[in-house]
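Remarks on the structure that follows.
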Amino acid sequence: MAEAALQRSGDGAARLALEIRGLQAWYNESHILHGVDLDVREGEVVTLLGRNGAGKTTTLKAIMGIVGKRSGSVAFNGRELINLPIERIARLGVALCPEERAIFASLTVKENLFLPPAVAKTGAMSVDRIYALFPNLRERLSSGGGKLSGGEQQMLAIARILRTGARFLMLDEPTEGLAPVIIQQIGRTIAELKREGFTILLVEQNFRFASTLADRFFVMEHGRIVDAFASVELEGRMGFLHETLGV
Amino acid sequence: MTATVDASAATDSTGRNRKANLIAFAVMALLVAIAPFVAYPFFVMQALCFALFACAFNLLIGYVNLLSLGHAMFLGLASYVCAHAAKVWGLEPVSAILVGTVASAALGLIVGALAIRSSGIYFAMITVAFSQMVYFFCVEAPFTHGEDGIQGVPQGLALGLFSLSNPWILYVFVAIVFLFGFLAIQRIVNSPFGEILKAIRENEPRVISLGYRATLYKLAAFTLSAAFAGLAGATKAIVAQNASLTDVAFAMSGEVVLMTLVGGMGTFYGPVVGAVIVVSMQNYLAQFGEWVTVIQGVVFVACVLAFRRGIVGELAARAKVTL
Amino acid sequence: MTLFGHAISMPALYGQLLIGLINGSFYALLSLGLAVIFGMLQIVNFAHGAFYMMGAFAAYFLLTLTGLDYWFALILSPLIIGAIGAVVERLFLKRLAGFDPLYSLLLTFGLALVFQGLFQNYFGASGMPYSIPKQLAGAWNLGFMFLPVYRGWVIVASVVVCLGTWLVIEKTKLGAYLRAATENPTMVRAFGVNVPRMVTLTYGFGVALAAFAGVLAAPIAQVRPGMGADIIAVVFAVVVIGGMGSILGSIVTGFVLGVVEGLTKVFYPEASNTVVFVIMAIVLLVRPAGLFGRA
């Protein structure tokens with residue numbers, strides 16, 4: 001069924017940015033991912049849906065290489081990542097904005113923003129554009145990273161990966177715990193990034209937020225993809241989604 | 001159904017453990033009994049003192065996961081105090097040993113009270129620093145006689161009855177002290193108190209949330225460990241008839257770690273096996289001078305990298321028992 | 001002037017203050033190296049004293065075997081010993097990642113035994129003389145006391161290297177990587193930074209600081225196999241007093257405790273060996289995480 005959805009949706013001409021086949025992942029002894037299949041086309045926004053503990057965050061981390069052990073295949077722009085160390089994967093232009101945001105408290109906002117090294121010669125967003133997208137950050141450049149509000153932390157976490165030239169962004173629950181007005185701002189930013197041709201893999205609990213942004217959806221349960229569909233098919237899936245996600 | 005199976009499996013493994021420990025203890029007791037006939041008795045007595053020292057150290061690292069890198073202070077201080085009590089105060093050996101043991105227990109209580117709130121590497125550094133302080137104290141205090149140490153400690157009449165200058169009586173005496181210390185430590189570890197210590201090692205916040213004052217338990221364990229290390233040091237002073245800076249020096253703190261590591265941390269018999277190995281190594285390699293230190297260092301590194309369970313730990317894991 | 005029944009002469013006071021500052025220079029360099037290593041590797045480098053000793057010996061060998069003098073040694077010895085440190089990290093410490101940090105500590109402890117034993121084997125307990133470079137011979141008359149030029153140089157060199165290290169860590173991009181990796185190494189890797197290599201280099205750098213201190217010490221004390229073991233316990237006490245949380249804290253604590261120790265020699269000489277440990281005990285009672293540490 002998932003394969004069928006992949007065939008039907010989109011124009012079919014766009015190149016695959018990410019192609020995951022049979023991805024399994026473990027933390028210590030616990031087996032979290034049991035064979036994930038997932039594709040993301042270039043320029044697409046794809047959203048991973050699923051209950052807590054379904055394996056969404058682990059999928060992002062497994063792509064990045066941040067799990068104890070992984071197997072299967074993760075191809076990024078045709079390049080196999082499964083045996084590469086974390087930093088090599090990042091250098092290929094894969095960027096992660098983690099759920100906990102991971103702003104460094106011992107660094108200033110400016111140091112946080114400029115910390116990630118450039119991974120590509122082109123495609124990076126200029127600092128001026130970043131300040132235009134997130135005006136609050138500019139005012140807080142000399143503050144300590146630990147002193148930011150949740151919304152500011154989230155903006156900084158997104159901003160710092162835009163500067164590097166990475167064109168494939170993985171955003172893990174970017175709206176979690178934020179005020180509606182900030183959520184809107186983040187939504188506008190993601191839409192903007194999509195217009196600029198960034199490829200985005202989004203994990204989101206906020207189903208309404210995701211439904212306005214995503215081209216396609218994948219639904220996870222127990223460490224596997226159980227459904228995949230395009231945004232036009234969303235209406236028809238509401239019943240199923242209610243059942244699986246409890247949304 | 002599953003519960004019953006689990007329960008019987010548990011009884012089974014307890015039974016196996018009891019049996020294995022019974023065999024291990026019998027073998028050890030037998031070896032202690034025949035050792036003076038096959039090896040130089042003085043050497044065996046030294047080894048038994050170090051074995052007790054290592055068991056005392058293991059009480060901390062093996063069951064509370066606290067690494068003390070200054071345990072020589074307890075061995076050395078008790079050794080000095082016992083030697084002084086026997087020679088200058090003229091106490092009979094058992095009382096002198098008790099005085100030395102109490103002195104180390106008191107030192108353990110003080111150092112423990114200051115160090116126990118830290119853990120891990122911090123704790124290790126603090127113990128190093130305190131043991132260095134005790135070392136300086138022993139260099140400078142008048143009663144320890146500095147570089148000379150206390151020589152010619154009388155062995156005297158234990159309890160006024162048994163002349164310890166008779167090598168056979170002395171051997172029996174040391175063997176009794178060792179077996180008493182060994183069994184006492186085993187008893188402590190297997191007691192409800194020991195169970196709480198092990199629980200603290202596994203998950204300290206949880207033990208605290210259950211209402212136990214983990215710090216007090218750790219302090220008690222530290223003091224007990226210091227006391228048994230003191231017992232070993234004091235007995236050694238009577239055996240060797242001297243107390244010197246060697247026993248309080250940093251190198252000694254390292255040796256006891258090595259003994260325990262080689263034999264197996266967190267096993268009852270490991271420290272004994274390790275102590276015998278390290279003491280023999282020193283004895284037989286003495287002709288190579290400083291190479292002994294190098295070899296000890298290499299064994300250390302090899303154990304840490306590839307043999308973390310130690311000899312007894314490895315045997316126990318293969319036989320699926322706790323020794 | 002008398003205190004505790006000792007007659008205090010001003011020249012003696014200045015003299016001990018100077019010795020205190022010199023000792024403080026070594027404490028600061030060594031505890032700074034330990035702090036840098038601790039930040040990245042979360043381990044205490046028990047081989048630090050051995051590396052300090054090897055730094056001094058490297059200077060001695062450079063002079064006797066290749067004729068390279070003090071000034072070359074000041075650069076080359078930290079590089080050589082630092083490289084040995086990096087190899088140690090790569091070969092041994094990396095394998096223990098993921099285990100209880102106590103194993104790494106025991107490993108460095110074992111290595112210290114190996115290094116120290118090797119040198120003791122060849123040089124015994126005796127010391128090798130290493131003379132003061134001629135540019136730094138002599139003494140300045142400061143009016144109230146004579147300051148041997150070399151001792152003044154040790155203090156200046158230590159202050160410069162310590163502050164330089166602090167500036168690099170607090171104010172540069174490289175330092176930002178270090179601080180970030182101390183907090184969350186995985187995330188820094190996920191940005192494309194080769195953190196494992198950084199860890200190796202950091203260990204090498206911390207070791208190089210110890211070797212640098214060793215070269216500075218060579219003309220003051222004799223070059224002896226036991227020189228590291230003698231100083232390291234005091235340095236640990238300094239680190240415990242300062243707390244592991246702060247780079248600047250380790251530098252300041254090093255110098256201050258050196259001076260305190262020097263002053264104790266003037267006012268209450270019996271306690272001069274133990275004063276640092278007594279201070280440690282007091283600090284542990286009042287602030288278990290150390291003066292600059294984070295609880």
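From the backbone N, Cα and C atoms, a Cβ is placed for every residue, glycine too.
Note: TrEMBL annotation is automatic and uncurated.
In TrEMBL this protein carries:
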type	residues	note
TRANSMEM	B:22-43	transmembrane segment
TRANSMEM	B:50-74	transmembrane segment
TRANSMEM	B:94-114	transmembrane segment
TRANSMEM	B:121-143	transmembrane segment
TRANSMEM	B:168-189	transmembrane segment
TRANSMEM	B:216-238	transmembrane segment
TRANSMEM	B:258-279	transmembrane segment
TRANSMEM	B:291-311	transmembrane segment
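Pairs of Cβ atoms less than 8 Å apart link the transmembrane segment (B:22-43) most often to B:168-189, out of B:94-114, B:168-189, B:258-279. Taking residue pairs at least 6 apart in sequence, the transmembrane segment (B:50-74) and the transmembrane segment (B:258-279) share three or more C-beta contacts under 8 angstroms. Counting Cβ pairs closer than 8 Å and at least 6 residues apart in sequence, the transmembrane segment (B:216-238) and the transmembrane segment (B:291-311) reach fewer than three and form no contact.
With respect to Cβ pairs under 8 Å, the transmembrane segment (B:50-74) is most closely packed against B:121-143, considering the stretches B:94-114, B:121-143, B:168-189. Sequence-distant contacts of the transmembrane segment (B:121-143) (same chain, at least 6 residues past either end, Cβ-Cβ under 8 Å): 66-73, 76-77, 80, 84, 88, 107, 111, 114-115, 150, 245, 248-250, 253.
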